[in-house]
Amino acid sequence: MNSLLKYLLILLGLVSIIINIVLICLNSNRLPKCMSQPQEYLQFRHSDKSLVFADLTAEEYKSVRDYMWAQEDLNISHSFIAKPSENFIFLIDLSLPKKAGVLRYLDSSGPKPPREASVLVFCGERGYLKEYVVGPLSGRLQHRDVTQEKYNTSELPFTARTVTIGEYVQLFTLLNHVFQKLEKPLTESFGYIPKERELLTFESMPRGTRSGDRKTWISFFRDFSGMYIHPVGFEMLINHESSNSSNWTVDKLLYNGQYFDTVDEFVAIYKAGRLKKIVYKEIPNYASLKPRKKPSGLGPQQYYLQGRRYSVKNNQVIYLDWSFAFGLSSLTGMRVFDVRFKGERIAYELSVQEAMSVYGSVTPGMILTKFLDSSIGIGRFAHELVRGIDCPHAATFVDTYRYIDTNVTQRFRNSICVFEHDIGRPLRRHFSDFFHIGYGGMANGALVFRTITAIGNYDYIWDFIFYQSGSVEARVHATGYISSSFKVDGNLQYGHQVAENVLGNIHTHFINFKVDLDILGVKNVFQTKDMVYKEVPLPWMPSEKAKIPQLVEQQIKTEKEAAMLHSTKTPRYLHIASNQTNQWGHHRSYRLQVVSFAGDHLPESESVEKSISWARYKVAITKHKDKEQTSSSLYNQNYMWSPFVDFSKYIDDNDMIVNEDLVAWVTTGFLHIPHAEDIPNTVTVGNGGGVILRPHNYFNEDPSINSPDGVYFGPGSESDCEYNKMACLEKDHCTSTLEPFTYHGFEGVMKFE
């Protein structure tokens, strides 16, 4: 027994020694953890001057709110669900300082512009809307009324306001009262069970047929996730023009294609059986996004082999030769400022302005619908991004704070992401198999600045992409759910059937971007370039002729000349240029290259067209004016017939645009004819558009030739690391530390209670 015990102890000792040797070997070969930020890649240092563009902080929102609440003459409600008859702060946001003052501060050591907030108050007690500026935020607060200054009127009409959460509460109260009268037909037709299986609502916009109307057609859908493609064939017109909800009425009903003037009329005809009834039946939820099969594994993931090559601090991003400040407007969404490449400002501002859709239908819920998303807030619906799906797992995430349709500052965690991304195709390359045999190329690593907004049924993925060639791309992709209507006679001419009794309605997507380029300063010109075929004699044989492409260049002098309508042929090269030339004598410029498959714009003869007049133009160039800050307005949706911002007026004054500070307004988008593959929801492939800002004779050569990502090798040097870091990955890379998956996005959803 003693011998056996001794041998067992020896064996255990040997096993222990072997295990320790293995662990030592494994640990000695383990790669070091990646640095979060290798400083040698950053060409510039962060500057606190970027904060001149920073969104308001949580503390600033609160101080502005408390100050406005304390103004006794304004009598502002503190309630989260203030009634339309009360005075209510709808929005607090950054008031952007004037450009000239900012440039003096950034470039000439001028004074820092005062930091101020814009405050929008819905004055239900008095029946109008007001806008105020509150500041300075760093000192003793004061407020001034800027309504007249911005809109040439002392007060805005109350019916121009968007619908608030408090108003929705009143609407739902009215609907619940009406549903009590309709319980039998709603149950028999749609399976409605109060407080158990509800009917969900979707609104048409605009809310009427003339300025001052506030009559909303509400369509009803089954109580499913993805409700937008479960219409039931029942719609109701609610008149809620009065600020007193007790005066609201039901003016029309639509049931299975038949109209009724009152609730009582519908109930009587339904009971008498004098209509074609819809018979409820159980159906599966074909709109569910729950996978049909359980996930079997993970797809490709990216991480940074030598750590991140970008840095995010406060509201500034630095990436290789790029730097920019950023913000997220509650109304218009994502924006960047002071965009510099190699230290030179390329753009003062690049921002989303508006997202608009025009629908076709025979039923009222869609027949007049023209959604202007800034009217409810594009940036307002930027919720938390899902790590590994919405953005790569190793991306850097940024929280945002907003105050819109609320009574407290709301934090939206991880609602912006920043990451460097290999586009998956070379930025440039050449394989030479004649004479000087070799290979030269470069991976296309680019920085992506992203947010995603889920506005009702549609989700928009907004990207600003910064390339090492000096190009910037503003891009949008649409996903989410299509809008649908119940299939009735005659509506197949307005879309395709995508499910039982469900029509996917044809619609357009138009997106407007503001591109304030400053090419070597603010004194720029607008140039166009294109080609024509010119017949020329051959120099060596004059008797023979050939048609060859010839360059045609033009400098545009006025705003009207520079307004490029979608419906007309436009030059294919559009440039914002400086008066300086590169080494070869050509004007240093940036080209606007629009990527768009937009549908036809609404005819100008249509009564509401002026509210979306920016969509007439593929590109429009205007002289910068502080009063022409946006192409659309919060109020344009509900006052489409007499809009408070009519973009076409920016062009009507026909300013000269030679050696001026120029702004490009770019419209992109696509036509969407829904089809069966939009079920369960729309994919991003092919559903998008954007604009690319490309250097054109701005440099003397492609600046990416200086990138650390360049690769070159020839025969015999394939494994040489000097100009091919890919050959030495085992020496130079490190392991990435991935953050655990977390999600808090449901914390910021709208609540109607």
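Just so you know, glycine gets a Cβ as well, placed from its N, Cα and C.
The transmembrane segment annotation in TrEMBL covers 6-26. What TrEMBL lists as domain 'Copper amine oxidase N2-terminal' is 62-134. Annotation comment: TrEMBL describes 161-257 as domain 'Copper amine oxidase N3-terminal'. Per TrEMBL, domain 'Copper amine oxidase catalytic' is recorded for 301-705. The active site, proton acceptor annotation in TrEMBL covers ASP373. The annotation active site, schiff-base intermediate with substrate is assigned in TrEMBL to TYR458. The 2',4',5'-topaquinone annotation in TrEMBL covers TYR458.
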Structural state census, the domain 'Copper amine oxidase N2-terminal' (62-134) (DSSP three-state):
17 helix, 25 strand, 31 coil
Between ASP373 (active site, proton acceptor) and TYR458 (active site, schiff-base intermediate with substrate), what C-alpha distance do you get in Å?
10
Please spell out the DSSP helix, strand and coil residue counts for the domain 'Copper amine oxidase N3-terminal' (161-257).
31 helix, 31 strand, 35 coil
The domain 'Copper amine oxidase N3-terminal' (161-257): mean pLDDT?
96
Under 8 Å by Cβ from TYR458 (active site, schiff-base intermediate with substrate), same chain, sequence gap 6 or more:
SER357, ALA478, THR479, GLY480, TYR481
